[in-house]
Amino acid sequence: MYTSGVERPSSLQRSSKMKSFITNTLSDFFFEYETPRQVLVRSRRVGVVCRLIQLGVLAYIIGWVFIYEKGYQSSDTAVGSVLTKMKGVGYTNVTGEERIWDVADYVFPVQPPNSKNRCSSDADCEGRSERTGDGHMTGKCLVNTTKMCEVLAWCPVEDDSSIPDPALLMSAENFTLFIKNTINFPAYGVMRCNLVEGIDNQYIKSCLYDPKTAPLCPIFRLGDLVQMSGFNFAAIAKVGGAIGIIIDWTCNLDHDQSDCKPIYSFHGLYGNPDEADTARASVGYNFRYAKHYMEDKQEKRTLLKVFGIRFDIIVRSVARKFDIIPTLTAIGSGVGIFGVATVVCDLILLYLLPKREFYNNMKFKVTETMEKEPLDEFKSEKEVSKSDSAEGS
């Protein structure tokens, strides 16, 4: 019998060495720190380029991200409501008929004959229905009188071919509009009203909005509103129009809440401010409304076609407050952008400068990988058995 001279490791020894190997690997992973190798390049041109890029990135982070865009704050938009009240009394005297106009008359949310309705017999009036007609056609032609199709309508029919010039209620220029606006920023639990600190009943009784002397007064003179929107009051009162009133709430809640105040601006939306374009269709703003009443047991109505000024009140709001999450996000993105300087400088060193081969050798270290034979103690039992069989033969 032939015995092999190779000493086989026991299972206990293999287990101990494997345990030691795993322990060392974990220890290296948790208690060692690896840092990339850096190469210090003494070059004025590359150094200046690097610092200029870093300075530009720093200016972008501080100037744009933090100061202009307020990258260190979170933001919220408001939920709000608007209430308005109009005050003023107007007086008109048309053909000797005097009338007083108050809020109930001027605050709101029959047509002349034309060639389309002419006829020579009842056949011309049958089955016809004009969208812009005066009423419902009865199918009868009034040959002996007007030679027009008979319609079932309010009499007399409306005649809006003549518009008063100047407008009847030119005194509306001195009417006043009171605006009450309340907003709520739910994310921050902040509620504000345009009747801010210092706007009390005594102040409201005497104030009138002025962008310089009284920018927080909630009472606006109509003539001033029209003028600040760029329109002419006489023109817009004649044909009507619309004016947008913007209430802007831009608040920095890192400061005291009393600094959160509204800013008003005014914009002409539609009308005829320059009185130059006379060929446009549907110029201005107008609507009709009727007042019904009974007289001698007969229903009657007064139809009014009103050329008015429509006010659209638009509330814009945004509140900002310091928040650590967007701050860290902005800082992290800025640090990442600093890497642009490294990329640009590496491209210059490796591809543009005359000594690019030298810099390439300094930056990259090339080594050859050598494969090692596995240790005897980690050979499998199968390999050892094969070795024994070879020696025995």
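Just so you know, glycine gets a Cβ as well, placed from its N, Cα and C.
Listed in TrEMBL as the disulfide partner of Cys149, from the options Cys125, Cys193, is Cys125. Whole-number maximum of the Cα to Cα distances across the ATP-binding residues Lys85, Met86, Lys87, Thr176, Asn286, Phe287, Arg288, Lys305: 23 angstrom. Looking at Cys207 (disulfide bond) and Thr176 (ATP binding site), their Cα atoms lie 11 Å from each other. Calculated from their C-alpha atoms, the gap between Thr176 (ATP binding site) and Cys217 (disulfide bond) amounts to 12 Å.
Listed in sequence order, Val103, Phe175, Thr176, Phe178 are the same-chain residues at least 6 apart in sequence whose CB falls under 8 Å from the CB of Lys87 (ATP binding site). Within the same chain, residues 41, 43, 45-46, 49-50, 53-54, 57, 60-61, 65-66, 71-72, 359-360, 363 sit at least 6 positions outside the transmembrane segment (330-353) and bring their C-beta atoms closer than 8 Å to a C-beta of that stretch.
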